[in-house]
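These notes are about the structure you will find just below.
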Amino acid sequence: MREDTDLLPLLKRVAAGDEAALRTLYDLTSPKLYGVILRIQRDRSVAEDVLQDVYLRVWQAAGSYAPEAGRPLSWLCAIARNRAIDGLRRKGEIQGPVHEDGEDWVERLIDPHDGEAALVGRDALNACLGRLEPAQRACVVLAYCEGRSREELAARFDRPVNTIKTWLHRSIAALKSCLEGLS
Amino acid sequence: MSAGPDDTDRDLGDRASGDRDLRAAEYVLGTLPGPERAALDLERTVDPATEAMVRAWERRLAPLALAAPEVAPPPGAWEAILRALPRRAGTSDGRVVALNRQVRRWRLATAAAGLLAAGLALFVAVGPRGPAPAAPGARYLAVVQGGGALPALVVTVDVAAGTAQVRPLGAETPAGKSLELWYVGADAAPKPIGLVGTAPGRITLPPGASADGVIAVSVEPQGGSPSGLPTGPVIYTGKLIRE
């Protein structure tokens, strides 16, 4: 359904200005991208604006897609996350209190879901996240999946913003060396 | 200091590169504050090394994004996209639009915060604004503010003549390094336009350079980038301002 073999030729046609190809790409990928955006931008009407913005961006940037940027669906997800987070950071918007600890997002990573059992790098990322201190893992996951800012994480964990920054930097270094060790 | 110049260089390089990777990772996580995020947005368009670091973090964390549950978009979302699609003009390609968007976003942001890491702040000189179109031969400038009383660097661009005058004032070049100037035009590939010297110098802009371009300064090995593209951290990027 959303295999690279389907998406790659579609991206090429979109790059050539084929609106029908953009429509097919939209039908295949928009539920996933809208899901990614809604985790970050919870206001549905704003999330819909972000989704439109993402496909306009894809329309303009499809020609610059290169396999080095990751698989097509990962590339699309990166654009969606970027646009959603741009909206939050530009307005300095606060999303409401953080109650979760991010563990349900990690669990979704472990379970095969949406028929994407063969996801490249999934097991390695899961193993390396598992080695982080629980609170530090939660910061990484809540930031990445929900778009939480340093300030929101500081409030959630009742720590100074600088401590959150240190946690994030420590987690980033640990993840990098762990993932490089496993690959 | 017992360390030789080579060791110092390498330490400096490692630290700069490590810092850049942390910023790239926080950019992907989404935790960089707005102005630093906007600065990195522009940096990745002019600096392939930064872009590669961002891509690497996107790849590492992608499984977590793909784990998001699917949600059907509201009906009518596709029609709205279709209505907003720009019809392609013959000369415009996607990358031009993308760069213009980056530049616009950068201009909207309060900028500069991310550039403080290198000890340089951008001082934006806002000229008189008016609806008048740019006159032929209009001159543009970019000002780089250092920590001291004097600006670090003033770049004056004469678009009609295709030249730029670089006046280094308080610019401090890291020991054993060169500061290299880049022009990023509509085709988004940075073109080297010269090194920042200790004396004022006149440099020639690439053919077709326009006032829509971006000037960037990167830290390079002595004598300039060996590859023809920025290899060190980009410590300043700025839109030209009408003089």
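Even glycines carry a Cβ here, placed using N, Cα and C.
Quantities reported herein were computed from a predicted structural model and do not represent experimental measurements.
Database features, via TrEMBL:
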DOMAIN    A:25-92  domain 'RNA polymerase sigma-70 region 2'
DOMAIN    A:123-175  domain 'RNA polymerase sigma factor 70 region 4 type 2'
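Residues of the domain 'RNA polymerase sigma-70 region 2' (A:25-92) grouped by DSSP class, helix first, strand second and coil last, total 60 helix, 0 strand, 8 coil. For the domain 'RNA polymerase sigma factor 70 region 4 type 2' (A:123-175), the DSSP-based tally of helix, strand and coil residues reads 44 helix, 0 strand, 9 coil. Mean pLDDT of the predicted structure over the domain 'RNA polymerase sigma factor 70 region 4 type 2' (A:123-175): 95.
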